[in-house]
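Taken straight from TrEMBL:
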SIGNAL    1-16  signal peptide
DOMAIN    53-239  domain 'Aminopeptidase N-like N-terminal'
DOMAIN    274-480  domain 'Peptidase M1 membrane alanine aminopeptidase'
BINDING   HIS346, HIS350, GLU369  Zn(2+) binding site
ACT_SITE  GLU347  active site, proton acceptor
SITE      TYR431  site 'Transition state stabilizer'
DOMAIN    596-915  domain 'ERAP1-like C-terminal'
COILED    897-924  coiled coil
Amino acid sequence: MIVLFILAFLSHSSTATSKTHEGNGSVSEQPRVDINGLQFPWNRIRLPDHVIPVHYHLLIHPNLTSLTFTGSVKIEIDVKHNITSVVLHSKNLQITVATIQDEFGHFLSHRPLQVLENLPHEQIAVLSPKPLLTGEKYFVHIEYKANLSDGFYGFYRSTYQTKNGETRTLASTHFEPTSARMAFPCFDEPHFKANYSIKIRRDDSHIALSNMPIERTVVLEGGLFEDHFEVSVRMSTYLVAFVVCDFKSVSGRTSSGIEVSIFAVPDKWAQTHYALEAAVKLLEFYEQYFNIYYPLPKQDLIAIPDFQSGAMENWGLTTYRETALLFDPETSSASDKLWVTMVIGHELAHQWFGNLVTMEWWNDIWLNEGFARYMEFVSVDATYPELKVEDYLLDTCFAAIGRDSLNSSRPISSAAENPTQIKEMFDTVSYDKGACILHMLRNFLTDDVFQSGIVRYLRKFSYKNAKNEDLWNSIANTCSEEDFTSGEFCYSSSQATKNAYRYAGEHLDLKEMMNTWTLQKGIPLIIVNRIGNVVTLRQERFLKTVLPSDPSWNSEQQGYLWHVPLTYMTSNSRKIGRYLLETKSDTVEMEEEVSWVKFNTDMNGYYIVHYEGDGWDSLINLLNKNHTAVSYKDRANLIHNAFQLVSAGRLSLNQALDLTRYLSHETHNVPLLQGLGYLEVFFRMIERRNIPDVTQNLKNYILQYFNHVIDKQTWSDEGSVSDRRLRSAVLELACDLGYPPCVKKANHLFSEWVGSNSTISLPTDVTETVYSVGAQRPEGWTYLLDKYQVSLSGTEKDKILGALASSMDSEKLSRLLDLGLEGVVIKTQDLSSLIYRVSRNPTGHFIAWNFVKKHWNQLVEKFQLGSFCIRNIIIGTTAQFSSKEELEEVKLFFESIQEHSSQLRVTQVALENLEKNIRWLERNLEPMRSWLLKNLQEA
């Protein structure tokens, strides 16, 4: 029998010391405690570097009836320092046997080894009876058992219903960032890369999948089969994956011979075909773009019925939420198709960025996620240009700016030590800001130089780990002429000068430049003042919640400086001007006097621009007279910047609203949706504050001023992806605002659909709008809930859920939230988005908020602290608040859950968002009221 001690760490001091590997930064240390004469031999969150895992031999046997599993792991280790214990990770695993053997297979003891457990740090220590010697090889063998996890991490259970109503169970893994330790004892940190030999036991009604193909299957007694998978490449623990299920698949091959398979529940097999086409095409693109062959013989993509995030990049076995992989032509819209394509593009990019080359520690997770997010756009633009994915890059950067303009933002590269902090790193800063600064860098260096640099980075660090600076050194001119002539992936100094350094001559320090974007938080505001042919430039930190008149302004600005690659166009030239601003202020002299200048061409840079003097007036005048003089991206950028500057107290609301008046001539969906989006945000905020005159006037203005856009929309799936995206958004808003022709048409389509017993197909781009209008009637809401329970289409269920959450009946909204909490009719994976949707409904706002307060502990149990779902719930339910009373209520709630809230960054984000809303209304309600009265009279 194994002796297992659980050490409860106390606050008294200890003389025991330990040394950790370099780079740990500020690490939580707790004293080692004596219990029965035994000490846990390590007191830090991160593991010691005394032992390096080389190879895991892992056997897993899940029981899908008892919902348990047993496992054994034999880890080959190299010892770097003499030790008497092996410390590794384990969480919720019951260790039954632990032994250590030398490299010749001799056991170091004939008695069971003692295992200590440090619960707060999720670590165990296997105590050796003899010293393990430096330079020697040993094998740590551990047998264990556990329950399949109830949540979405570790080795967890998932269920689905067949079309006949039968419930079936499967088991799947999700390990990123720190949950491999829930499936097998391991060195669960990204720099401990190793090879894996995996065996999985199952019955004949199931299949087993893992990172590698099956090498052979052994028949065991009792009707069991044991699948032996090929040895994996070297990889981090969080990329290991296995699934036991009864799914069906469709397969194809890339031009380089990689077998690609899409797995789904049997009843949804027909929805896998588009994903196969996209995955093959995108995998071929990446092999060509990175000039490195995909290193595994196969790539499986599997749709898991219960999945918290969008997808996970496990090497060779990527896992997805069903709505992120399956495409049903009958129910999936143009936006759904783009979403599936982008998610596949993201996860396949990870096979190189993240899997082949992995960040050394989670503080640089953006090296994985920022690159994968950016490569979504690069890859989909190259393989599916008709999807117009570049339109969404602007939205990505707008989202990043929304977070980064708050004081509660963080640097892209930030310290993160414990699991909660690490989970919070998977946010818009890592993903969206990371993608946007890479886009800026690519535009700065040129496509070819950027591509050559990242290929060099991937080649240099293949099967290794990298840090922030390794990327910049690889992209910069750091290789010798010998490297260049020998075929290494780098570029010569002459090529670098010609391309990358055209802004600043040969003295550009790329690492120094990019450190200003990754090691400090925030976004720069570029202030432009044009007098004659001289443009004066200044940079400040852009903040929406601290105004220049506030006492804290100077301290919040101190120490911030960016190296900003500026681009601009003028009234006299379509040629793009370029200038690298490395100081607080500077001047640029134009060749001749210009009537207007527009900085941040096509929004290729990550910064906000404010035009002093008559700068804004000249641009407003330009848009009114000839808006096509600048690109649609520039027009969307101007709208965005103007309203951001209103929030920061830099520009009057009147000027920003005046700028949007040109939209009566606009035909492109991106600036149209940008302008409409801001007006809708203002409408929602004012509506919730119960200010009837401004609410009604703003609604009237939107419906009158954009009448030409609304009325020309057809209730169909015709046109380009851009046309279809505009149609979905415009008709949804028009019906939501009660525009009679829109509501009438939607009611007609809904009645026809119900009358046919939902056998006729609605146009996919307007389906959710039709459902939402139908859901306002009691019988329509009930019909939709019934339809939700039997639908086999994830995208259809998602649209129905959005419609159900739009009901103005408070009892129905409460019932919906209760169903989400129960997790039967509405799966738990959809609960956080349901709460968010109900909170956006004026009727449901306080219902959702009170629901979160009441069930907070249950929500944390379901989703884990720091997870995307918890963050989504906090931001979603507080983002609509805009009064001081509501601010106090939110503060009180956060104080009541101090044990949790003190560990989270997102609570500060929520409070700051609320303060921003309060200030916006205080400054802009009266100007909005006056502007609407004036412009409605003129309409």
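Placed from the backbone N, Cα and C atoms, the Cβ positions cover glycine too.
Structural mapping of features recorded in TrEMBL.
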{"residue": "HIS346", "record": "Zn(2+) binding site", "CB count, 10 Å": "27"}
{"residue": "GLU347", "record": "active site, proton acceptor", "CB count, 10 Å": "27"}
{"residue": "HIS350", "record": "Zn(2+) binding site", "CB count, 10 Å": "24"}
{"residue": "GLU369", "record": "Zn(2+) binding site", "CB count, 10 Å": "24"}
{"residue": "TYR431", "record": "site 'Transition state stabilizer'", "CB count, 10 Å": "24"}
Residues within 8 Å of the HIS346, HIS350, GLU369 Cβ centre (excluding the Zn(2+) site residues themselves): GLU313, GLU347, ALA349, PHE353, GLY354, ASN368, PHE371, ALA372, ARG373, MET375, GLU376, TYR431
Close recorded positions near TYR431 (site 'Transition state stabilizer'), where close means Cα within 10 Å, chosen from HIS346, GLU347, HIS350, GLU369: GLU369
Pairwise Cα distance for GLU369 (Zn(2+) binding site)/GLU347 (active site, proton acceptor) [Å, integer]: 10
